[in-house]
């Protein structure tokens, strides 16, 4: 059975790169009816926090990436790592290193001055006796030959063993190192495939040798391409890439972000929009590219707008509620008629790219009054238009059935009686009702806003003019 894992370090929030790695592992597990395991790699105690662990888990849940086992925490397994490290030491596959951090740094600086790679010089490797000094445990790398990583994405990648230093597996304070913990955990958790960013590729030969030294078979490795900004620089906040939960708070749909992340390095023909079921069905590592993926914030925004169009109004109603409350358009605990709200959303969703934009647009259906944009006010609320607004108001007030058809008839009657163009009647009303010159059809806006709100808003502007 396929068993994969996502193993974030809780030294920050879950960002785009980590979320993409989590998604690829999740899709691979679901495609193969396997298991997806969540492991928290929290051995860096100085930087790992409970807040970040909670944030990562919240982001995973929001993305819908459910896990089958875990979350496991490395800090709960420290004695396990120590036991494996001492096993290697006893078998002569590792050795005690008595070099102090100061000595190591001094030699590193000297090597750099001489133009040599700043690697550990293995001076403690041949010390036979046990000294009464603090020590770290280093793994004995082979001194000759090559290590070939047969990567499922990159193909065969060869490393010279002589260029790989004897890495520390247990520090002098008794804490294990990343490369060692990963091997022990992946073996004990039965991981069959390690899918991770290509920045981990250089760790792979070290890990393979630790597997062999422990008498374990390494899993399959798949190193997925880096994500770059549109300027081909390493992805950062300046490219618009923020934490997963920031996208949630800005009004992105989780399905849209999942779709976007899936396409960062993986493709299926020219298809752009996938349901989760389709992603699970089509995903495989053969179609993960070798070239770096490019993060395009505009593309994500476009994709989100497409998802808003595709999402049923009933679901959008539930999703937009927190934004309406946050913006102050709806009070906590206040209820809206669902059918009415769905009509309002249907009229607006084609024009909105995020839930935040949708909530903002809904203000002119929910508030008694809206703020009018200065330029729109200057152009459409003046001595020429106020008489038209007054006549529209009088005729609308007389309507018994406040429907689009009846509203349209009133507008057309005024157009014909006064010899005006439709825009000369509709635009001033639109500006009063929405605060803007752009909106859904004006008859639809009035019908959804309702007679009371419409008249209240029109009379307020007329009285103030």
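Using the three backbone atoms N, Cα and C, a Cβ is placed for every residue, glycine included.
Given the ranges 229-233, 234-238, 239-243, the record in Swiss-Prot names 234-238 as motif ''KMSKS' region'.
Comparing local CB density within 10 A for the binding-site residues 99, 124, the maximum falls on 99.
Tertiary proximity for the motif ''KMSKS' region' (234-238) is limited to same-chain residues at least six positions away from its ends with a CB under 8 Å from its CB atoms, namely 16-17, 226-228, 295.
Between the alpha carbons (Cα) of residue 237 (ATP binding site) and residue 99 (Zn(2+) binding site) lies a span of roughly 39 Å. The most densely surrounded of the binding-site residues 97, 126, 237 is 97 (count of other Cβ atoms within 10 A of its Cβ). Confidence in the motif ''HIGH' region' (8-18), given as mean pLDDT, stands at 95.
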